[in-house]
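Inspection log for the structure reproduced underneath, given as structure tokens.
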């Protein structure tokens with residue numbers, strides 16, 4: 001009953017005209033950003049974070065969260081129409097989405113993906129509503145040893161689940177941790193790696209690095225891969241379609257596909273480091289294995305589109321649970337969201353729901369409204385998004401770069417941060433080019449100082465002994481849980497490779 | 001290019017580790033974690049991991065692949081324009097730097113579309129001024145001479 005009271009309280013906050021306006025704006029911007037190939041939710045939130053400075057904190061965080069899950073909706077549009085996933089989370093949607101578009105069924109495919117995203121997102125938010133308070137209650141008993149382990153395990157899971165070379169993932173994480181050590185050591189007051197610069201005493205700020213790695217790095221990489229030359233106008237598989245709406249058969253076939261993969265996606269999203277990409281690929285494999293006609297998958301099967309879509313949206317909701325209840329981001333996008341929360345003076349963690357209920361429940365309630373808004377936007381604004389993805393990249397790229405630069409400068413009026421951002425952009429491009437993980441850098445940059453602080457507190461409590469990690473039951477449970485997750489990472493990667501091969505064959 | 005990037009990371013990791021060992025102490029006087037505790041562990045791990053990466057690539061013969069890649073040209077041009085934009089912004093401010101950057105980029109990558117390019121060159125600084133300067137009341141870089 002308490003949950004419903006809290007939810008109503010949250011709705012009363014979310015439903016004010018200004019908050020609704022920002023929510024709709026965030027959802028629409030998120031969809032547009034998702035529709036631009038290469039730009040994921042992390043880039044979108046990072047780029048637009050400075051724009052929210054003049055807003056009320058709750059409105060700002062609602063808008064940023066709407067950009068986050070709006071980008072998950074938008075990423076599929078290019079996957080269906082161009083066979084180019086907007087983000088890695090929509091790779092699985094190309095397997096059947098693009099064949100559907102080639103068959104002249106782009107309209108029904110886009111409507112069904114919107115329905116699947118809505119189902120996944122809404123089931124995900126319902127599960128957040130039910131589970132987040134329970135998680136918060138359990139994690140209230142966590143101390144510094146558990147927080148240190150969660151920080152460490154979160155990043156190790158991301159590294160272990162990387163599809164490519166895991167050592168490159170480890171190097172990326174170490175680079176992020178190392179960047180987090182720049183600045184004054186809070187325990188001793190000693191300056192570390194500042195080289196006498198007053199600008200670096202406070203450490204390397206997260207925002208320029210995130211904007212550089214995700215926003216600028218993606219732009220440079222797109223130019224490297226030639227996206228600016230081709231344009232997209234010639235290969236968009238969409239005309240003003242007469243048979244726009246899905247058939248009854250489409251709806252009937254997907255009626256169980258969407259909810260079951262939403263639950264699967266949510267559970268995977270809960271695990272720090274696992275994320276929506278793995279959730280969508282697993283959902284595709286699961287749906288194919290449950291189907292009586294697996295051969296149709298890869299040739300334009302509607303369930304092959306709705307399963308990953310439902311799962312990746314639910315996973316993005318699942319990733320909000322560790323963020324809200326532990327203050328630990330499970331993905332690059334939630335790491336950027338965490339930075340936004342901290343910037344607004346909110347400290348996500350076990351006490352957030354007790355100390356700031358209006359914020360926590362306002363955000364959760366706004367996600368219900370946001371998903372409804374996105375369903376409507378993503379169905380009725382399809383021609384607009386088709387127009388956006390037809391815009392030549394060579395014109396779009398310099399505009400995005402200018403917005404990134406101005407946004408970074410506006411945070412602290414610092415040109416050093418602009419150069420840090422541009423440098424991070426070049427590094428991000430080369431990292432992407434050679435198989436490193438910019439997401440691991442960003443996640444480690446956020447988690448590094450938290451890990452160091454909690455390890456320091458742990459060693460003070462234990463008088464310098466590491467035995468404390470084996471003496472506290474909750475620490476042992478966390479280690480066992482993550483050992484299982486990391487071991488299962490090998491299986492998940494096998495799933496991913498199998499699904500990729502099947503997609504390529506299709 | 002891959003080799004240069006790997007070597008760059010390795011050199012940075014070695015310098016980071018060197019500073020962590022020379023300038024920062026492992027423990028404080030009270031025997032607690034010192035400022036160098038984390039950096040020393042991180043630095044050593046980074047150097048070892050990078051050496052493993054390089055050795056692995058030597059084994060697989062992939063270390064020198066892609067060095068003749070002509071695709072870098074456009075990315076390098078955009079990077080060059082962007083870094084110059086940063087310098088122009090610092091010296092002359094956004095009023096000069098934005099049109100110069102957008103104009104140069106579109107002139108190079110969007111040749112022949114004079115009207116479109118001119119409209120974008122004029123419109124972007126105006127939109128940026130109103131969005132950041134007026135609507136959001138945010139700081140804008142005015143350069144050294146403002």
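The backbone N, Cα and C atoms fix where each Cβ goes, and this holds for glycine too.
Range with TrEMBL annotation transmembrane segment, chosen from A:326-346, A:452-472, is A:326-346.
Listed ranges A:110-135, A:292-317; the one TrEMBL annotates as transmembrane segment is A:110-135. Within the same chain, residues 38-40, 42-43, 46-47, 49-50, 179-180, 182-184, 191, 193-194, 332, 335-336, 339, 397, 400-401, 404, 407-408, 411-412, 417-418, 420-429, 431-432, 438, 441-442, 445-446, 449 sit at least 6 positions outside the transmembrane segment (A:200-220) and bring their C-beta atoms closer than 8 Å to a C-beta of that stretch.
Scored on C-beta pairs under 8 angstroms, the neighbour of the transmembrane segment (A:20-49) with the top count among A:326-346, A:367-389, A:434-451 is A:367-389.
Same-chain residues lying 6+ beyond the ends of the transmembrane segment (A:262-286) with a Cβ under 8 Å from its Cβ atoms: 72, 88-93, 95, 119-120, 123-124, 127, 150, 153-161, 297, 304, 307-319, 321-322, 328-331, 443, 485, 492, 495-496, 498-500. Sequence-remote contacts of a segment are chain residues at least 6 beyond its ends whose Cβ falls under 8 Å from one of its Cβ atoms, and for the transmembrane segment (A:147-180) they are 203-204, 209, 271-275, 278, 322, 326, 328-331, 431, 434-452, 454-455, 458, 469, 475, 478-479, 482, 485-486, 489, 492-493, 496-497. Ranked by number of Cβ pairs under 8 Å to the transmembrane segment (A:367-389), the listed stretches A:61-82, A:110-135, A:326-346 are led by A:110-135. Same-chain residues lying 6 or more positions outside the transmembrane segment (A:434-451) and placing a CB less than 8 Å from one of its CB atoms are 42, 147-148, 151-152, 154-155, 158-159, 162, 164-165, 168-169, 171-181, 203-204, 206, 209-210, 213-214, 217, 273, 327-329, 331-332, 335-336, 338-339, 428.
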